[in-house]
Ligand SMILES: Nc1ncnc2c1ncn2[C@@H]1O[C@H](COP(=O)(O)OP(=O)(O)O)[C@@H](O)[C@H]1O
Ligand SMILES: [Mg+2]
C-alpha cells in the first residue's frame, strides 16, 4: 500500500468510519497522481450509506477540480452542461455579470468544445460527480452514454462518477452503454450503525451512557429503518426524553433498567412517526397527528364538504364501483328489495369494491346523484362547479384526455371513507352497492 | 385572361374619423345622482367595511400564529430540513385566494421575498422553478436586479441570495397543495432541500382537505426533508356565522335580508360551495335588486338623515309608498277623518314616525333575538337551532313566539338548574349592555337584574314550616277538605327558586319576547328595509345553464320576444321558429341514435309543409344547408356528437329533457 493512500485514510478516518475498504478502493481508482484515473465509476448503495460523504471528502482531500451535480436539481441537459462549465471554470455568478452563467450551452457537441476551452489553463485533474444519476435516464438519449465516456470524447484528464441507489442493470438502454467500474456501498450492520451514530454523541455525556442509550434505541428502531439520516434525527430527539429523568434526578444514570422502562414507551410511539418530521415537542401530539394520518375515519370526519358535494361524491363512488348494467335495478325506486335479492344469483369471484375504481361518464354520475337524493334540485351551475372542485381536491380524477363531449371520471376515495361520509348525511351506501346485495 | 390584373390596391382615404376622438369621456351617468343609488352606496359601504373587519378578525389569529411561527424559526436547530407550515384551509376553494393574499401582505414586514405559486404556473418542474425564483427575486421592494425569467435557476437563486438575501427568509406559498402534481412538488422540495443549508426557505402549504393529503402525495424521503407544523384555519361554517353577525344580524346595517332570500343565500353556502365570498356577492345582488330604480328605498338608511331623504321624495314616490302593502293597511285603519285630510306634508310626517318606529323595532328585535338565541341554543336538541342564523330565519318569517319550537324551549327552560339560569341571565344582560342601543331596553335590563337578584337568593329547597295546618277541629266537608289539601300540597311542592324561575320565564315570554320579537314584516313601512324576494335574485345568482338553453330552444319566444312563435301544448313546433330550435325539438323525439336522413325529412316537413306526405329525394340545397348548419350548431352546443357505430347517425348526449 502506498504512502499517499495511507495518509488519506488517516485524514478521512476522523470523520468517516467503517468505510476504509471503500475509501481505499476509490482512492486506488482516482487517487494516485502517477497513475491515470479510470474513465468512469458507478457508485451505488442504499440511501444514507455514506456515498456522498465518502466521495465528497475524498475529492476535497485530493484537491482536484471538482464538480458535483445533483441531477434532481439540474432537470435538463442544458442545466447540467451549464452547471459543469460554471463549476469547472470557477465562474461565479454575481451582480456584476447579472447572474448569468459562464457559457450558454444546450448540446453535447458544444459542451465538449466549451469544456476544453474552460479548463485550458487549469492543470488539475477533473472529477465530475452525478448524484442521483437515475434522473439522467429521462433526459436526452445520448446524454448518459456520452457522459460515461466523457474522457474519451474530450481528451482531458477527467473522471465521471455516477451515484445512485439503484443497480447499473437498470441503466441499460437500446443504444448500448459503456460499463463503468462499479462500487457497492453495503448497508451498515448493527455494530457499524452504532459506531456511526456514536460519532454524533452530544458533548456533555459519558461514552458508556450514550452507548447504552444507542443500544436501547437501535433495538427498537433498526428493525424498521436503516436510513442513517433518519436514525440520527430520531436518536437525537429521543435522547432528550431519555435524559430527562436523569437530569431531574429521578433516576440514577447507571440504572439502565429503569431508564429502559422509562423510554421504551416513547421509543415505540415515536417509531410510528419515522420520516415524519413534525415540529411539536410533545410526543403525544405527534402520535395523535400520526394516527390522524393513518386513520380513514379521522380523515373523513375532518372533511367539511358542502351537503350536495357529499352526495355527489357518494354518487361518484357508486358509479365507480357498480357495473353500469345494474344501475337500473339498483336505483330505479320501484323495484322492490325482495326482487333484487332473487335476481342476484351468481357473483363474480372478486368483489368490485376490491378491484379499484372504474371510469364513469358524467351523465351516469348525475343520474345516480338524482336517484339517491330525495330532494329535487336543479342542475345548476353551482352544482356542476362542485365537480371540478372535487377533482382539485383529488376526490375525483379525470380519466383520459379531457374529452369535452363525454368527460370520464374516477372516484378516488376508499370504501371506509365513503361509508363515513355517507353516514354524515344519513345515507346507507351498502344498500346501493352491487357487492353487498 | 392576360390583360386582367390580379393585383388590387388599397388606398388610404382620409376620412373625418380620428381614433380616440369619437369616444367622448362618459360623463357621470345619471345613475350616480339618483337618490336610491346614493342610499345603496352608503349601505354597501358600511357592509363592506364590516366584512373587511370581520375577515381580518377571523383570520387574525391564524395569521398571527403563522407570523410568529415564521419569525421564530431557528435554522440552527434544523438539520437541513425546510420549515413548513401546513395550513388546513377547508374546502371553500373560492375564498382561498383572498386568504393567501392577505397572509402575503401580513408577511411583508418579516420578509419581502415572497412567492405565491399558482397551479397554472407549475405544469412542469422547469416552470415552477423559474416562476418561484423569479417571484422571489422580483417581489422584493429593493429590487436591484433585472433578470429574465428563463434565466432563473436554483443555483442562480443561491448566488443571488448570497449577495442580496441578507439572511431574511424566503417565503414560498402554495395555496392549493392538492391541485399541484405530486411528482413536480416532490422534485421541487428536493431541489429546495439541496440549498437548505445556505438559503433560509419557509414553505407554506394550503391544504384544503387534511394533513393526510400532504403525506399521501409525498414519499418518505421527501417528507423527511420537511419540518412540518400544522395550523388550522377557522372552519367555513364559523366564518359564515361571523359574516352574518356583521351584516345581516348587525344593528348597523339598515338593509335586512329575510325570508326566502336569506334562506337562499345560506342554502347556497351550506349545500353547494361553503364560500363566504360567494355569500357576500349574493348579498350584494340582493341589494341591487332591492334598490335598483326604486326611489322609495332610498329611505333605507340609518336614522340620522331620514328627514332630508323624506323631504326629497317626489309626490309620485309618495304615491308609491302609499301603495306598499303594509302602509296601505295602516292608512286604511286610521280614523276616517284623519285619513281624508292626509295631504303630502302630513303623510311625510307620518312616514317619518313610521320609519323611526321600524328603526327602533329592528334594533330591539336584533338584541332580543340574540338574547333568545343565547337562552335557547344549548337546550337539549336546540329546538330553535344552534346557530343565531336559524333563530333569525324563523323569527323573520313568522311569529316566533307562537311556534311549537319556541314553546318547547320555554318548557326546557323550566328544568334548568339555578347556576345555568343565572349565567344565562347574566349573559342576556351583557348582550343588552354591549349593544349600542342600551337605552332602548333599559327597563328590560333593570327587570332582569331584579329577577336575577331574586333567583340568586331563592333557595331550591321547599320550605318546611307550614303556616297553615289543617285544623282537625275545623268542620269541613269532603270537597272543602280536598280543595284545601290540594292547595297546600301545591304550595308546598313549589320551592322559592322554582317560583322565581317560573316568574322570570313568564316575564321573558310575555313582556320581552312577545313584544320585541313580533314578525317585523308586519310593521308598516317594513318593505323599505326588508328584502325577501328570493326568486328575483335566484335567476341572477344560481345559474342553470342547461335549463336556460332548454328554455331558449324549446320556447324561443322567451328570449326573442317575437310575436310569431307562440307555442302551445297542442302545437309545440311552429315553422317560424329558428332552425336550431326546430332541430332541437325534433331531436328530443329521437332515441339515443338519430338517423340523419329521417331527421332531415322531418325538418323538411315542417319548413315547407306544402308537399308533405311523400318522401323527398330531391332536396332544395338551401334547405339542406340550413339543416346542416343547425345540426352543426346543435353539436357545438353539446347535445349530439357523431357516432362511430353508424355512419349516418348521430348520438344524443343529453337525457331527461323531453
Ligand atoms: N461511515 C460514516 N461515518 C460517519 N458518518 C456517516 C457514515 N455514513 C453515513 N454517515 C452519516 O449519514 C449521512 C448521510 O450520508 P450520505 O453520504 O449523504 O448518504 P448517501 O449519499 O449514501 O445517501 C452523512 O451526512 C453522515 O452524517
Ligand atoms: Mg447522497
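The count begins at 1 with the first shown residue.
Glycine too: its Cβ is placed from the backbone N, Cα and C atoms.
Going by TrEMBL, these are the annotated features:
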- A:16-159: domain 'Orc1-like AAA ATPase' (DOMAIN)
- A:210-259: domain 'ORC5 lid' (DOMAIN)
- A:305-433: domain 'Origin recognition complex subunit 5 C-terminal' (DOMAIN)
Write out how many residues of the domain 'Orc1-like AAA ATPase' (A:16-159) are helix, how many strand and how many coil, based on DSSP.
-> 66 helix, 20 strand, 58 coil
Helix, strand and coil residues within the domain 'Origin recognition complex subunit 5 C-terminal' (A:305-433) as assigned by DSSP | 71 helix, 10 strand, 48 coil
Tell me, what is the mean pLDDT of the domain 'Orc1-like AAA ATPase' (A:16-159)?
-> 92
With DSSP helix as H/G/I and strand as E/B, how many residues of the domain 'ORC5 lid' (A:210-259) fall in helix, strand and coil?
-> 36 helix, 0 strand, 14 coil
